[in-house]
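Quick look at what TrEMBL annotates:
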- CYS257: active site, nucleophile (ACT_SITE)
- HIS343: active site (ACT_SITE)
- GLU345: active site (ACT_SITE)
- SER51, GLY229, GLY231, LEU258, GLN261, ASN299, GLY301, PHE302: L-glutamine binding site (BINDING)
- 7-137: domain 'Carbamoyl-phosphate synthase small subunit N-terminal' (DOMAIN)
- 1-180: region 'CPSase' (REGION)
Amino acid sequence: MKYQSKKKAVVLLADGTIFYGKAVGGDGTAFGEICFNTGMTGYQEIFTDPSYFGQLMVTTNAHIGNYGVNNDEVESDSIKIAGLICKNFNYDYSRVAADGSLQDFFDANNLFAVSDVDTRALVAYIRDNGAQNAVISTDVDNIEGLKRQLAEVPNMDGLELASKVSTKEPYFFGDKNATIKIAAVDIGVKKNILRNLAKRGAYIKVFPYNATFEELSAWDPDGYFISNGPGDPQPLKEAQQLAKEIIARDLPLFGICLGHQVIALANGISTYKMHHGHRGINHPVKNLLTGKGEITSQNHGFAINREEAEAHPEIEITHLHLNDGTVAGIRMKNKNCFSVQYHPEASPGPHDAEYLFDQFIENITKAKVTA
Ligand SMILES: NC(=O)CC[C@H](N)C(=O)O
């Protein structure tokens, strides 16, 4: 065992609610929008998912850290959550494939984490009272000071965060001799999306969040992809313009999560902040085209307006979330464009929806043949 600081730590919500726990490592303070993920596995993938940038993560699994970390199980090159709140934090780990401890991974990424919190009560509180900003800190005797600082933290509603996690320069992914070329705009892309496209014979060029259609099309790609990512989709005007230009030319386009929201906005469908969002790996979705159910991996706090999507002459709703009837997928009736609110790449999560990558490759292949 490395060390366990028994130092008292506070979880202070913007509405004044307080929970207490213990600091996992040394002293610290971290701010963000508090959210919870109900996945029972896959903590390393969750912590490195760029879509969580700016968020304090509450894990509902009672044990975090027990299987260590593996260098291949990352969704980006660093931890992206703003802080962690958990029940039991395991300093020791047990897994043959582990490359190290979660504690060392946190230290290397300067991540502040709080354990020994009553996460069941905290999750029930967020579920009932909705998403809000929060702070976790060892500065337990300075609640008024923390409250003042917390009041300065911007609200997630309207917040642009894609620029904070996007690549600065374009880069390539996959085999350059592959037959299909996909231009992907990185508004917070998870590595497993790129792995899934490359696995299906695509060579990918990944562009920064504000790249223009001219920049992407200059590479002469066969298809276009708009990624997942953090924050509110509404301020992402460059990505919305890019989607409009791709759609106007009827080029193959696929969007995941934030990318799905951007495609909806490009079609004039509005997005809204949900009460507390969907984050977990057992979210039921109905595919309206096949009538089949899918168990899906989800991580989103915004959604697209269902009534506007239903009334839109160019849009067909293809998937619905079975818990609350929110839109989980759309396609354009007369364009080579579709998108989903959830995560076919999983990581973590079930692989029920991997067929969506096959569908994208098929859309590209058909468009190539008729071109
Ligand atoms: N995973 C994602 O792409 C999340 C999209 C967006 N940031 C949301 O919270 O809804």
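FYI, residue positions are counted from 1 along the chain as it appears here.
Each Cβ is built from the backbone N, Cα and C atoms, and glycine gets one as well.
Since this is a predicted model, take the numbers as computed values, not measurements.
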Quiz item: Do you know which of the recorded positions CYS257, ASN299, GLY301, PHE302, HIS343, GLU345 end up with C-beta under 6 Å from ligand 1?
Solution: CYS257, ASN299, GLY301, PHE302
Quiz item: Taking only the active-site residues CYS257, HIS343, GLU345, which one has a CA atom nearest to the CA atom of GLY231 (L-glutamine binding site)?
Solution: CYS257
Quiz item: Taking the Cβ of SER51 (L-glutamine binding site) as the centre, how many other Cβ atoms fall within a 10 Å radius?
Solution: 31
Practice problem: Identify all same-chain residues not among SER51, GLY229, GLY231, LEU258, GLN261, ASN299, GLY301, PHE302 whose C-beta atom falls within 8 angstroms of the centroid of the L-glutamine site's C-beta atoms; report them in sequence order. | Solution: GLY188, ASN228, PRO230, ASP232, PRO233, CYS257, HIS300
Practice problem: Report the mean pLDDT of the predicted model across the region 'CPSase' (1-180), rounded to a whole number. | Solution: 96
Practice problem: According to DSSP, folded down to helix, strand and coil, what is PHE302 (L-glutamine binding site)? | Solution: strand
Quiz item: Using DSSP, how many residues in the domain 'Carbamoyl-phosphate synthase small subunit N-terminal' (7-137) fall into helix, strand and coil?
Solution: 26 helix, 44 strand, 61 coil
Quiz item: To the nearest whole angstrom, what is the C-alpha distance linking SER51 (L-glutamine binding site) and CYS257 (active site, nucleophile)?
Solution: 9
Quiz item: Other than its own, how many Cβ atoms are within 10 Å of the Cβ belonging to GLY231 (L-glutamine binding site)?
Solution: 27
Practice problem: Out of the active-site residues CYS257, HIS343, GLU345, give me the one sitting nearest to PHE302 (L-glutamine binding site) by CA distance. | Solution: CYS257
Quiz prompt | Cα within 10 Å of HIS343 (active site) - qualifying recorded positions among CYS257, GLN261, ASN299 | solution = CYS257, ASN299
Exercise. Take the C-alpha atoms of ASN299 (L-glutamine binding site) and CYS257 (active site, nucleophile) and report the distance between them in angstrom, rounded.
Key: 8
Self-check item: Cα separation, GLU345 (active site) to GLN261 (L-glutamine binding site) (Å, whole number)
Solution: 17
Quiz prompt | Listed in sequence order, residues with CB under 8 A of CYS257 (active site, nucleophile) and six or more positions away | solution = SER51, SER227, ASN228, GLY229, ASN299, HIS300, VAL340, GLN341, TYR342, HIS343
